[in-house]
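**Student:** Would you mind keeping the following structure in view while I ask a few things?
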Amino acid sequence: MSLKLRFLLVAAALMLGASLLAWFSFQYMAERIVEQWGRRVAEVQVQYDSARLLQPLEREIALAHQFANSQVLRRWAENPDAPLLRAQAISEMESFRRNFIDRNYFVALRSNGAYYHNNAENDFGDDPLRYYLRESRPADAWFYQLIEEGRDFHLNVNPDVELGITQLWIDVLMRDAEGEILGVVGTGIALENILEQIVDIDQRGITTLFADVNGAIQLYRDPRFIDFASFVKPEGQKRTLDLLFDLPADGERVMERMRRLRDAPLEQPSVITDFVTVDGQRHLAGIAYLASIGWFEITLLDLDEVMPVASFAPALGLLIAFLLVALLLFYWVLHRQLLSPMAALRQAMGALREGRREVHLPRGSGEMGQLIRHFGDMADEVTRHTEALEAKVRERTEELERLARVDVLTGLLNRRGMTLLLEEQTARAARDNLAFGLIWLDLDRFKEINDGAGHAAGDQALCEVARVLEAGLRRYDHAARWGGDEFLVLLTPCEVDELTAIAHRLRREIAEQAHYPGGGVTVSVGACLAQPGEPLGNALQRADEALYRAKESGRDRLVVA
Ligand SMILES: Nc1nc2c(ncn2[C@@H]2O[C@H](COP(=O)(O)OP(=O)(O)OP(=O)(O)O)[C@@H](O)[C@H]2O)c(=O)[nH]1
C-alpha cells in the first residue's frame, strides 16, 4: 500500500473518529439542551394551561358559592313548598343563570330530592323542576355521595342522563345557618367547550390534561379517557393516568410526584417535571397542583415534535462540511509538503540507481527540504565517485590491454600483440594492394648461453637483441618477441630490396651490438615479402621456412624466401 494511500486512510480514519465523537457529543449536548429547554417550556406551559382553565373557572366557582349562600334560595330550600318562596327562588336562580358563563344552573334539594335546572336557551324558565333524584338511581349517586361526604365544593365531569348533556359541573353545598346541608347548587360548563378551549388546542407536540387527586382523568382531548363522575366510582374502576402511559412505572412515578406537590409547602416549586413514555414516544411531563379546584394539571411535551433534534441538522451539516474541508486541506498540505516531494525524491533515486546523471530534484521546505538537499549532495558525491571509478577502470583496462600485447621481459610486442598487428596489416595490404615484409629472427645456440652463462645471462641476451631491433627499425615498423628466443619484425610498407637490406642490417647490428656477460649473440634470419591478399599463415610459413634454411645452412645468416 502506497504511503499516500496509507496517509489518506489514517487521515480519513482520524476524521471519521473525530466526526463520530463530534456526532455523539453533539447528540448528547443537543439532547441535554432540548431537555433543559423542554423543562422550562413544560413549566411555562403548565402555568399557562392552568391559568387558561382557572381564569374562567374560578369566577364560576365564586359565583356558585354566592349562589349557594343566597338567603332567598336557602329560605326556600327550608320550605320548598311555600309558593312565594319558590317564586322568589326561581327569580333568584334566573338572575344567577344569566350571570353563569354557560347561562345555566341547577339546584338539587335535599329535603325532597327535587332537581331544578334551566339552560342557556331558557327552555325551562317557567317550570325549572326537571325531575326528582332517587337514591337508588346510579346516575344520581353524585348528589347523595356529595351530601354524605359533606364536601362543600366539587368539580364533577358527568353526563346528565336526564338532560342528555355532558358537562363540567361546579357543585357547591348549600347549608342553613347551623351548617345543615340543604342541597347542592351550581352550574355546568359544556364539556365540549372546555375541551376545545382548554385541552384540545392545536399545539403540536403539547398535550394538556387534568386529573383529580386520585389520578382519575377529568379533562382530556379524547373523551374516552375521561373518568366521568369519578368520585362516585369505587377505586379500581376509575380511568386514571396509567391508561396514558406505556410503562406502569411512569404512572406510579407521576402519582408520587402529584402527592408530593399536593403536600408541598407553598415555597416549594409549584411545577415538577419528569420523563414518561406515551404512545412509544418519550414525553416530558410537567405537573402542577391547582389547589383552588383540587385538580392537577399535566402537560405532556413530545420533545421530538416540539424541538426535534433534527432541527440541529444544519449545525451537524456544517460540522461535517467543516470536517470534509479539513480533510481536503490536510490532504492538500500533506501532498504538497510531503507526498509530492517524496514521489519526486523516489523518482530521482530510481534515476540515480539506473545510472542516469541528470536527476531533477523537487523543491521542499523544512525537514523535507533538508532531506532533499542532503539527497542532492549525496547524489553529486555518488556521481563524482562513479565518474572517478569509471576513469580508473578505463585506465586500468587500457593498461591491461596494453600489457596483454607486450612482452614483459623485453618490452617489445608479444606474440598476441604482433598477431593482432599482422591481422590488421594483412587486411590493409589486401585492401591497399601493398606488400609487407616479415623478418623472423632466432638466436643461435641460445640453449648453450643459458646452460653456460645462466638463465639470467640468457635473459640479458634476449633484452639486448630486443634493444638492437628497436633501435634499428623505422618509425612505422614493429618488432615483437614471437616466443622463446625468436623475434618477428614487420615492415610496412616494404619492397623486396628494402626487406633484404633491413634484414641484413638487423642481423649485422645484433652480431655487433648485442652482448651478454659471456660474449656476443648472433641470429639466424628468415625473411619473406608477404604479397597483398596472401593469407597470414602462408606468409609466416614462408618466413619460417627461410629461417629454417638459414639455420640449416650454418646459422648467423639471412635467407629471403
Ligand atoms: N634465458 C632464457 N632462456 C629461454 C627463454 N625462452 C626460451 N629459452 C631457452 O631458449 C632455448 C632455445 O633453444 P633452441 O632454439 O631449441 O636451440 P638453440 O640452442 O638456440 O639452437 P639453434 O636454434 O638450433 O641454434 C631453450 O633452451 C629454452 O630453454 C627465456 O625467456 N630466457
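Glycine is treated like the rest: Cβ placed from N, Cα and C.
Just lifted these from TrEMBL, have a look:
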type	residues	note
TRANSMEM	312-334	transmembrane segment
DOMAIN	336-387	domain 'HAMP'
DOMAIN	434-561	domain 'GGDEF'
**Student:** Counting only residues 6+ away from its ends, which parts of the chain sit with a Cβ under 8 Å from the transmembrane segment (312-334)?
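**Tutor:** Sequence-remote neighbours of the transmembrane segment (312-334) are 7-8, 11-12, 15, 18-19, 22-23, 26, 30.
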**Student:** Average pLDDT across the domain 'GGDEF' (434-561)?
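**Tutor:** Average per-residue pLDDT within the domain 'GGDEF' (434-561): 94.
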**Student:** What is the number of residues in the domain 'HAMP' (336-387) that are helix, strand and coil, as DSSP sees it?
**Tutor:** 40 helix, 0 strand, 12 coil
